[in-house]
Amino acid sequence: MVLTDRQRADLHAGIYEYLQSRGDAYQKVVEALAQADPECTIPHTTTTSNGSSAGLTKTPLLEKKWTAIPRLQKKVLELERQASHHAKIHAHRSAAGSGGGALEANDGAGGARRLLPRLPCQHTLQGHSSVVTCVRVHPVFTVVVSGSEDGSVKVWDHESGEYIRTLKGHTNTVNGLAFTPTGSHLASCSTDLSIKLWDFQTYACIKTLRGHDHTISSVVFLPFGGDLLTTTKCKRLLSASRDCTVKVWDLETGFCDQTIHDHNDWVRTLATRADGSVWASAGNDTVIYVYEQDRMKKAVELRGHEQVVESIAFLTQDTIPKNNAQRPSKHIETVRDYLVSGSRDRTVRLWKVSEASCLMVLKAHDNWVRSVLIHPNGNYILSSSDDKSIRVFDIKNERCLRTLENAHNHFVSSLDMHATLPILVSGSVDQTIRCWPLD
């Protein structure tokens, strides 16, 4: 590489400055360099883009040039990573626009691969100092948030496995997390009796809601008048608590609009349909109550579990492929009418809400079922348990299709899955979050 006169002069000046700062050990070299190139002894000045002098440099020139290279390399890598993320998001959105939005992949024979989680995990995220109680995947970006008994909410990149930051504000266990449909805001709830709303662009806590008399177990945003994927703003939030109530919050005022007292014991979990028209709650009294948003009154009671209901999820139109032939179950006629639940009785149940009937009972776990969710393609139920496993159930055939044994070193407390990106995330009592690839 041939240096220009200006580059050569800068290099000589930098070497002269560096050697001179080392003391008498390099005095002869300094004198020789000054004799060979007298201009290198002139104090170095920086110039602005318009050519005017900006004054003497404060940072030694050679060190500045030396450290600039890795700094620029790091910046290039970060920009490449961001470009890759945006390209993937664009590709998945394009696929969703033409294929119903569900996670699918061609198997090369004209069919769709199942895209189910597999061993080994892609990343193990470590940083919490206590039990991980909840995880939630960002609806757009390759980001996952986790809540813990250490009182913190941590933000991670689930693609690279990198830690991003910690959201501090709660003073006790964080039990639940929820994103708005666009991912612009995050809600967290805690044993400290508070709900916090976070601006997820600035990571600032913008509002704290108080009103429950005991541990707050779960929160969920309640869309109104639009689909979950297109509603840009949620005006209401639901919260469930050990005080046996569910509260409905107005997010603009920060006040509680309504308190629902139907449960007679700890309310542990909440779920809502994509359009917010129907939502459900469940907990220690083993009953699942389903409500209509327009009336905010109990519409259906689902009974059958023998112990605490830990988790519920709706099987909604958004999880079903557009091709009716691919609907997930022989039972299902109106897919918006179905709900899945997991319980400490070690079972996973599928319910037909309108008939208040249990369609199937899936028995495979050897301990409490802690979390359930519906695969985005609508064909599978995923569950995690205190038996340390993650299981995948085939709804159509009513059987356990895949098991990730010893997915964690302790109870698997929480699961979440991205709607379009091929990633499953789990949280555990072993204080870690694990990211599972799908194939």
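Along the chain as shown, residues are numbered 1 onward.
Cβ coordinates are placed from backbone N, Cα and C, and glycine is handled just like the others.
Since the structure is predicted, the reported quantities are computational estimates derived from the model, not experimental observations.
The region 'Disordered' annotation in Swiss-Prot covers 85-106.
For the repeat 'WD 1' (127-166), the model gives a mean pLDDT of 97. Residues or ranges marked as repeat 'WD 1' in Swiss-Prot: 127-166.
Beyond the repeat 'WD 2' (169-210), the same-chain residues lying 6 or more positions past its ends with a Cβ under 8 Å from any Cβ of the stretch are 133-136, 138-141, 145-149, 151-153, 155, 216-221, 223, 228-234, 237, 239, 249, 251, 254, 256. The repeat 'WD 2' annotation in Swiss-Prot covers 169-210.
Under the heading repeat 'WD 3', Swiss-Prot lists 212-259.
Annotation comment: Swiss-Prot describes 262-301 as repeat 'WD 4'.
The repeat 'WD 5' annotation in Swiss-Prot covers 304-361.
Annotated repeat 'WD 6' per Swiss-Prot: 364-405, in sequence order. Note on the repeat 'WD 6' (364-405): DSSP counts are 0 helix, 23 strand, 19 coil.
Among the features that Swiss-Prot reports, repeat 'WD 7' is placed at 407-439.
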